[in-house]
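Chemist: As annotated in Swiss-Prot:
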{"type": "SIGNAL", "residues": "1-18", "note": "signal peptide"}
{"type": "DOMAIN", "residues": "22-209", "note": "domain 'Albumin 1'"}
{"type": "BINDING", "residues": "HIS30", "note": "Cu cation binding site"}
{"type": "DISULFID", "residues": "CYS116-CYS127", "note": "disulfide bond"}
{"type": "DISULFID", "residues": "CYS147-CYS192", "note": "disulfide bond"}
{"type": "DISULFID", "residues": "CYS191-CYS200", "note": "disulfide bond"}
{"type": "DOMAIN", "residues": "210-402", "note": "domain 'Albumin 2'"}
{"type": "DISULFID", "residues": "CYS223-CYS269", "note": "disulfide bond"}
{"type": "DISULFID", "residues": "CYS268-CYS276", "note": "disulfide bond"}
{"type": "DISULFID", "residues": "CYS288-CYS302", "note": "disulfide bond"}
{"type": "DISULFID", "residues": "CYS339-CYS384", "note": "disulfide bond"}
{"type": "DISULFID", "residues": "CYS383-CYS392", "note": "disulfide bond"}
{"type": "DOMAIN", "residues": "403-600", "note": "domain 'Albumin 3'"}
{"type": "DISULFID", "residues": "CYS415-CYS461", "note": "disulfide bond"}
{"type": "DISULFID", "residues": "CYS460-CYS471", "note": "disulfide bond"}
{"type": "DISULFID", "residues": "CYS484-CYS500", "note": "disulfide bond"}
{"type": "DISULFID", "residues": "CYS581-CYS590", "note": "disulfide bond"}
Amino acid sequence: MKWITLICLLISSSFIESRILFKRDTDADHHKHIADVYTALTERTFKGLTLAIVSQNLQKCSLEELSKLVNEINDFAKSCINDKTPECEKPVGTLFFDKLCADPAVGVNYEWSKECCAKQDPERAQCFKAHRDHEHTSIKPEPEETCKLLKEHPDDLLSAFIHEEARNHPDLYPPAVLALTKQYHKLAEHCCEEEDKEKCFSEKMKQLMKQSHSIEDKQHHFCWILDNFPEKVLKALNLARVSHRYPKAEFKLAHNFTEEVTHFIKDCCHDDMFECMTERLELTEHTCQHKDELSSKLEKCCNIPLLERTYCIVTLENDDVPAELSQPITEFTEDPHVCEKYAENNEVFLGRYLHAVSRKHQELSEQFLLQSAKEYESLLNKCCKTDNPPECYKDGADRFMNEAKERFAYLKQNCDILHEHGEYLFENELLIRYTKKMPQVSDETLIGIAHQMADIGEHCCAVPENQRMPCAEGDLTILIGKMCERQKKTFINNHVAHCCTDSYSGMRSCFTALGPDEDYVPPPVTDDTFHFDDKICTANDKEKQHIKQKFLVKLIKVSPKLEKNHIDECSAEFLKMVQKCCTADEHQPCFDTEKPVLIEHCQKLHP
């Protein structure tokens, strides 16, 4: 299968056929037919995306094995353009899984598929999704082999990347797989010209995979919101995001785009991938049709090929805030008729509020803006019952700005700690905080969370000040969402459960405000609680830091009420012990002797 042609044509495609933008069939069973999707996407795009999707669902199959299935699905789709059989009228997702289930090799290679194929949609699609392996091991060719393939058989190299990227990221939006493939092609061309190819590939692939994980995390986060909160939460988040990105868009247009974005996200999360992809491409075209009303920065995106255009729009920086928005917003706190407007249609009125503050305040995070809208709603619910509502809600704007100042101050405090002490000590500070908040979590998970939080701090504290809060709170909320997903499967404690379920917009601030878990009962210290051996003496710096962090976590779990100065004292004593024992003639006997002395010293500090 010669996929290099596919990739090149994907990149050079122009506009796709537009499909009834913003018109939604009220029938819940409405779906596009496969001939419509095939025509809209073109054959080459259809085959490329089909390869990505089958690779995500049949992860053990080789590229050669999947080629036959891809061609079979493609031939059937092509036949449906002129031959409208009853089967062609089925939803695209249904047809896709019909083809998978009809393939004898699928039943042989995937025993579980028999159970899935016996189900009806949407349960069948959900069953396949549930069996995706998220721990699949990637096959990474050596740089020399990669460069040889690039020179002699570039089609094989790129098709292999689509296959590998898709099965290693089974929930990644398939067009994103193709966009990443294009970047990989450029990366390979660049690194194959470098003298130190191995270093170049290592550094560039790390960046590309980080981008891949980021796209997948954001996509997964949207689905997590839909699964755990009312749909209006996702709509509000999208409205804040659209208003941030396109501040000159009026409310009606911003609201329409919000509805469209929310609809295609729902299709993606329900695993209706063909519907999802078609709608994403439609939204791209619709965005370009309205570029003058949306953003002065869209021109550069709308003049490039389709695949690049979609990625360009998704990653586009916010447009400049129009000069007329520099004036204070008065219509929500100074208008004497606020309560009448709120009573007339509270959802639309609150949407207008969220749109107004989001387009004006790009320096504020979407999560803060959602929380502000929720607090404004509470304010109106209270004030509109009083004898003098305007007097009651007139301080709403001051309250909003004071809360924003507090949030900025907290962010600055953490960035100052990071800059003063460095990432590793900042990571340890976070590790202490979160071990006290949720001591029930495993040592390695806590260390991983602290490391990811420190990475977010390192990245977001380095961006311009007016971008820090959106960066930090956006990324932290995604990380906390993952934590909450684990909490749902493996209960941590009541305080964490409350933060995960009470309010999406307040989730990050809820976790920040959490104190030590007062209900936690520390386990008794045994000989197995702490383990020190001479491996630390030969460990590299990174490994030594990890060993120290494991000691920190264990220490807090058995002595959760230790104050910061006592934790620092114990850490210093730990380092003294390591220094002493690693210079002793016999390392292990020294550790065995010094361990109980260290533990007893630290336990005496515990109140």
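Glycine is no exception: its Cβ is also placed from the backbone N, Cα and C atoms.
How about a rundown of where these features are and what they're close to?
Modeler: For CYS127 (disulfide bond), the same-chain residues 6+ apart in sequence whose C-beta sits under 8 angstroms from its C-beta are TRP112, GLU115, CYS116, LYS119.
Around CYS147 (disulfide bond), the same-chain residues six or more apart in sequence whose CB sits under 8 Å from its CB are ALA188, CYS191, CYS192, LYS197, listed in sequence order.
The C-beta environment of CYS200 (disulfide bond), restricted to residues of the same chain at least 6 apart in sequence and closer than 8 Å, consists of PRO143, HIS190, CYS191, GLU194.
Confidence for the domain 'Albumin 2' (210-402), expressed as mean pLDDT, is 93.
Annotation note: CYS269 (disulfide bond) sits in a helical segment as assigned by DSSP. Every protein chain shown contributes to the tally, and the Cβ of CYS269 (disulfide bond) ends up with 19 other Cβ atoms within 10 Å.
Taken residue by residue with DSSP, CYS276 (disulfide bond) is part of a helix.
Within the same chain, residues at least six positions away from CYS288 (disulfide bond) with a Cβ under 8 Å of its Cβ are LEU298, CYS301, CYS302, ARG309. Under the DSSP three-state reduction, CYS288 (disulfide bond) is assigned to helix.
Counting only same-chain residues six or more apart in sequence, the Cβ atoms lying under 8 angstroms from the Cβ of CYS339 (disulfide bond) belong to LEU380, CYS383, CYS384, PRO389. According to its DSSP assignment, CYS339 (disulfide bond) is helical.
Non-local neighbourhood of CYS392 (disulfide bond): LEU379, LYS382, CYS383, THR386, each in the same chain, at least six residues away, with C-beta under 8 Å from its C-beta.
If you take the C-beta of CYS461 (disulfide bond) and look for same-chain residues 6 or more apart in sequence within under 8 angstroms, you find ASN414, CYS415, LEU418, HIS419, ARG468, ALA472.
All chains included, 19 other C-beta atoms sit within 10 angstroms of the C-beta of CYS471 (disulfide bond).
Around the Cβ of CYS484 (disulfide bond), the number of neighbouring Cβ atoms within 10 Å comes to 20.
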Chemist: Let me know how many other Cβ atoms fall within 10 Å of the Cβ of CYS384 (disulfide bond).
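Modeler: For CYS384 (disulfide bond), the count of other Cβ atoms within 10 Å is 16.
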Chemist: How many other Cβ atoms are found within 10 Å of the Cβ atom of CYS192 (disulfide bond), counting all protein chains shown?
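Modeler: Here the count is 18.
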Chemist: Work out how many Å separate CYS269 (disulfide bond) and CYS276 (disulfide bond) at their Cα atoms, rounded off.
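Modeler: CYS269 (disulfide bond) and CYS276 (disulfide bond) have their Cα atoms 9 Å apart.
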Chemist: Need the DSSP three-state call for CYS384 (disulfide bond) to compare against my parser.
Modeler: coil
Chemist: Any same-chain residues 6+ apart from CYS500 (disulfide bond) with CB under 8 Å of its CB? Would you list them in sequence order, or say none?
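Modeler: Those within reach of CYS500 (disulfide bond), by Cβ under 8 Å and sequence separation of 6 or more, are ASN228, ILE480, MET483, CYS484, GLN487, LYS488, MET507.
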Chemist: Run through CYS223, CYS460, CYS471, CYS581 for me and report the disulfide-bonded residues whose CA is within 10 Å of the CA of CYS268 (disulfide bond), in sequence order.
Modeler: CYS223
Chemist: Of the disulfide-bonded residues CYS223, CYS460, CYS471, CYS581, CYS590, which one has its Cα closest to the Cα of CYS276 (disulfide bond)?
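Modeler: Minimum Cα distance from CYS276 (disulfide bond) across CYS223, CYS460, CYS471, CYS581, CYS590 lands on CYS223.
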Chemist: CYS581, CYS590: which of these disulfide-bonded residues has the sparsest Cβ neighbourhood within 10 Å?
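Modeler: CYS590, out of the disulfide-bonded residues CYS581, CYS590, has the fewest neighbouring Cβ atoms within 10 Å.
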Chemist: Work out the three-state DSSP category of CYS192 (disulfide bond).
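Modeler: For CYS192 (disulfide bond) - judged by DSSP and reduced to three states - the answer is coil.
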